[in-house]
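Colleague: Per TrEMBL, the feature FAD binding site maps to A:253, A:278-279, A:292-296, A:309-316, A:330. The domain 'Electron transfer flavoprotein alpha/beta-subunit N-terminal' feature in TrEMBL is assigned to A:39-223.
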């Protein structure tokens with residue numbers, strides 16, 4: 001019903017034209033949305049649990065409207081999916097329904113069947129908002145589904161000002177753009193997970209949302225036969241996930257070799273930190289590219305970010321400038337990284353690393 | 001087979017952009033403009049596929065103001081055979097959105113009938129990372145986004161794409177025609193040589209308007225304002241590791 005009211009209001013407002021009349025009815029629209037917002041969160045899961053980035057998407061859904069009814073869409077194949085569905089059902093007080101799409105076709109994150117799924121679920125549910133997290137999965141899927149629905153999504157939202165007014169970084173984070181979505185339902189956004197902290201308070205045992213199976217009859221041979229998943233080569237690592245780590249230690253070209261990166265890994269071990277890298281370090285082959293932090297790599301915002309031998313190019317700063325405390329160690333006192341660092345040490349990074357390794361006790 | 005490559009003219013990646021005092025956008029007057037770095041990689045990949053005998057022709061396309069011709073000339077100087085320019089003058093409050101660009105590119109693709117469309121994974125100005133996915137969705141073609149390696153099997157009409165994803169590298173296989181978007185590590189773009197720059201001047205650029213392609217470029221997004229990001233407070237330079245550890249423990253309390 002919410003979608004109908006909102007739709008009627010918008011039709012009456014002639015929203016395409018803008019102008020004074022628009023502003024007035026947009027306030028009405030905003031009010032109606034606050035009352036009737038219904039959001040679909042496209043969640044990712046791993047090992048039977050909803051991923052932390054998707055829990056951030058739930059927090060963003062909460063920020064859209066108080067009393068927002070949130071539906072969570074989980075897709076995949078097999079028992080781990082259903083375990084994750086149980087987790088999703090009790091993951092946030094506003095979750096009113098968990099939709100489970102269980103199919104071999106969805107076992108891997110291929111955009112083609114997933115976009116069909118999202119399109120179909122939206123058409124049945126008539127949600128006012130669709131939210132995914134800006135992970136490689138979300139960035140691959142959301143725009144394709146948006147094109148099928150003929151709406152413009154908003155990428156990498158860092159703040160929600162009103163149900164349809166968002167802030168997002170542009171030009172590698174050197175400007176913040178406030179945009180208003182004026183199109184048809186749904187308003188689709190991918191959120192920067194480091195900007196929305198998931199609710200930490202424990203859910204009461206009694207509040208568990210119902211779990212519904214999605215009707216998958218829309219999956220046609222025609223669209224899903226066009227792509228096949230072959231494999232995923234992942235770097236097995238014991239350390240925390242880069243995007244969600246509390247501490248990140250990063251190395252740049254100054255590390256000089258893959259061998260020297262081991263020193264950073266030792267430090268990371270002691271701090272319980274994730275290891276990151278600049279593009280220069282990745283291109284030089286010191287570390288695999290999924291460790292790259294920056295405009296085109298991962299965006300991180302840990303409590304502590306320690307940069308060793310990193311000059312601080314615009315593109316790298318884009319990925320870490322929202323960290324709470326930034327430490328920079330660099331020989332070059334003029335390196336731009338010192339302009340964003342809270343604590344800087346102008347010294348040979350190898351000497352500093354050695355000393356840190358000696359002086360920081362092992363993690364219990 | 002023909003390859004269509006989409007390119008965009010953006011503020012050069014090395015420029016430190018400034019927000020306009022009236023907060024309507026960033027300063028683009030008298031600022032160095034270049035081809036979006038990811039688009040250069042897309043052009044390079046198309047040329048390599050042509051040089052490997054997998055494609056017969058490379059067509060570059062752009063959507064933008066008159067000056068975007070320069071960007072097309074750069075693509076032609078790198079080695080593209082011809083180009084399509086869809087003229088559009090941007091309005092800062094209602095910028096051309098990826099959905100509109102994807103619709104225009106679909107119209108161009110329906111005209112040119114390429115077997116493969118290559119785009120950059122994102123433009124470094126709007127940082128949207130949407131156009132390729134939307135184009136693939138509109139055409140109902142499979143997509144290989146964030147590609148770091150592309151292998152084309154001409155006989156089977158299949159494309160194997162290695163993609164840079166969060167957990168590592170994912171390999172997928174796509175039926176042609178398909179859309180791919182390039183990641184930084186796909187290749188190292190070549191420089192245009194002077195003779196090739198001269199030759200590019202005589203290559204054909206076809207011009208269209210969105211109306212001629214019957215594409216509706218309505219925008220469903222309004223830019224309300226553009227601001228500077230909050231400045232970080234000035235940091236301090238420390239003289240020793242002990243001092244650093246002390247500050248991290250007792251002042252910042254992060255250790």
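Along the chain as shown, the residues are counted starting at 1.
Each Cβ is built from the backbone N, Cα and C atoms, and glycine gets one as well.
Not measured: the values here are computed from a predicted model.
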Colleague: Using a Cβ cut-off of under 8 Å to chain B, which of the binding-site residues A:295, A:310, A:313 qualify?
Modeller: A:295
Colleague: Per 10 Å Cβ neighbour count, which of the binding-site residues A:253, A:316 ranks highest?
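Modeller: For the binding-site residues A:253, A:316, the Cβ with the most other Cβ atoms within 10 Å is A:316.
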Colleague: Cβ-Cβ under 8 Å from residue A:313 (FAD binding site), same chain, 6 or more residues apart: which ones?
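Modeller: Non-local contacts for residue A:313 (FAD binding site): A:278, A:279, A:294, A:336.
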Colleague: Tell me, how many other CB atoms lie within 10 A of the CB of residue A:310 (FAD binding site), whichever protein chain they belong to?
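Modeller: That number is 31.
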Colleague: Return the residue, from the listed binding-site residues A:292, A:295, with the maximum count of other C-beta atoms within 10 angstroms of its C-beta.
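Modeller: That would be A:292, with the highest Cβ count within 10 Å.
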Colleague: Look up residue A:253 (FAD binding site) in the DSSP assignment and reduce it to helix, strand or coil.
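Modeller: Assignment for residue A:253 (FAD binding site) reads helix.
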Colleague: In the three-state scheme derived from DSSP, which category covers residue A:313 (FAD binding site)?
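Modeller: For residue A:313 (FAD binding site) - judged by DSSP and reduced to three states - the answer is coil.
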